[in-house]
Amino acid sequence: MSSESSKKRKPKVIRSDGAPAEGKRNRSDTEQEGKYYSEEAEVDLRDPGRDYELYKYTCQELQRLMAEIQDLKSRGGKDVAIEIEERRIQSCVHFMTLKKLNRLAHIRLKKGRDQTHEAKQKVDAYHLQLQNLLYEVMHLQKEITKCLEFKSKHEEIDLVSLEEFYKEAPPDISKAEVTMGDPHQQTLARLDWELEQRKRLAEKYRECLSNKEKILKEIEVKKEYLSSLQPRLNSIMQASLPVQEYLFMPFDQAHKQYETARHLPPPLYVLFVQATAYGQACDKTLSVAIEGSVDEAKALFKPPEDSQDDESDSDAEEEQTTKRRRPTLGVQLDDKRKEMLKRHPLSVMLDLKCKDDSVLHLTFYYLMNLNIMTVKAKVTTAMELITPISAGDLLSPDSVLSCLYPGDHGKKTPNPANQYQFDKVGILTLSDYVLELGHPYLWVQKLGGLHFPKEQPQQTVIADHSLSASHMETTMKLLKTRVQSRLALHKQFASLEHGIVPVTSDCQYLFPAKVVSRLVKWVTVAHEDYMELHFTKDIVDAGLAGDTNLYYMALIERGTAKLQAAVVLNPGYSSIPPVFQLCLNWKGEKTNSNDDNIRAMEGEVNVCYKELCGPWPSHQLLTNQLQRLCVLLDVYLETESHDDSVEGPKEFPQEKMCLRLFRGPSRMKPFKYNHPQGFFSHR
């Protein structure tokens, strides 16, 4: 490469007028080529620094000569041409020097590139050798790791300890004088002893198998004998069915129930056993039954069968699944929610009969993954009831059992561990699913023997029979009381919507014979509307207006006076009395905030409610309170002082007998009715 490039770079000769041209023309080409090639050798001998100084000196001389030529040309004269020619010759010599320096610089550049290329090739060769060596090192390290990780099969055998080996092994195997000092021989001896022991155990195993076969044959013979007895026993049971029905002793049906109960989950099983025992011992009207698919319940406890066909076809199934579209995240969450909220196939039904032939149907479910129980309720009556508009929520499955115990509204899960499970599948609260799954009341968990301590949450809760038995009787009585109370309210609301306040004969003595004020309106009120009423602020601030309560509005009129009564009916009625808030529209608007007598009227029905309870179980409390409000409105209007400036008779003449019309600076009216005297007095 260097020779070819040097041939192309032939130096050009600049001729001057003063130099002899003929001599230069006669030089041979070989001499010129020799001079050209000598420059490559000259590069190694010359100092680049000195060439650089020569280059600067030559450039300065050229500048000087050019300046002198310019100066001579500007002056003019006869001798100027000769001087200019001399300087021109000197300039040509300097140009030749510059061209030579330029050629030397190019030759140095080429040599530098060639040296760099050779050094780069050496570096690449060394780098390749390094990569090969690193690969060899990595390969050797892998082989070393495999050697270190190698485990012999005898290492997986659990050999007896050394003490036991030397104690039990015979001398011809243990060879203590040889094996004590040689670990290798010691291991071989222990393996020989292990082999000897396994041979003995294998012989013993064969003997046991032969004994097992003999016992199995005996069992088969006995099974054949017992199976021959089964048809006879069935015929005897069928023949005894009429006797069982006649004596009201359904042993066959009970036996089937007990067989089905074996497949119940522990909480439902505890409920079934305790409810059946309570019904037999204390309440004959309680009937217990099991519903659902027994086959599905059996399938839950059946272990999965391992088949070789499934393993052989796994590759084909995997290939098919890869071609299917992967379900979206929303579909996966829905499937996880359904799996988490899955109920057990079997459920327990309790039918609780009341005095008026009404029946409370309770269906108990068990949520397997959440480990809680739920219940759905339904009330049926002997005669079809005409449901008033205001009684729509009294017997609804969503509210009929609400707050059977104080604060137990059944909208939250009683198991603290469920909240962590809900977070994984995106469930905010269980209240969104209670209509489908049922309500997880606390008393339902206790009937199933489940108790979830909040202070120290337990990972697994076991059903406890004693817990269920301790709450069974109290809960059944509360359920009966709740149904009877709701049915009584149902009948009363039918009369109230027609403007009739039903007062039983047992409670007539609580009121005067003549009551002029009358009920004209009885409607249900939404919880939000009740919260917005201006005269119910005290109840709302006191925290008595919960969303589990029922709200109603009563309107009582007499003449131009209209009394509004906002009623809060607790689910625990009648053990918890209703709360009334009053607003009288007559000569302005009067509430407990601006009229002490209105506050006193509220106290008569809210505080002194025990006087109005009537005979147990106090189902007439609400109607007696409404009737008392009518009487109180009569007293309020009749005892109001007459304005002398208004002509004509008094709008509400006094018909009630009062010992004293007013008392104290607040002019309180006599609202207490005294029986049997029939007059009103102050408290």
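Note: Cβ is positioned from N, Cα and C throughout, glycine not excepted.
Swiss-Prot marks one residue of Y55, Y205, Y225, Y420 with the annotation phosphotyrosine, and that residue is Y225. Of the listed residues (S28, S312, S593, S645), Swiss-Prot tags S312 with phosphoserine; the rest carry no such note in the record, though that does not show they lack it. Feature annotation from Swiss-Prot across T187, T328, T460 places phosphothreonine at T328. From the options 7-10, 323-326, 587-590, the stretch Swiss-Prot describes as motif 'Nuclear localization signal' is 7-10.
A mean pLDDT of 79 is what the model gives for the region 'Interaction with CSF1R' (2-144).
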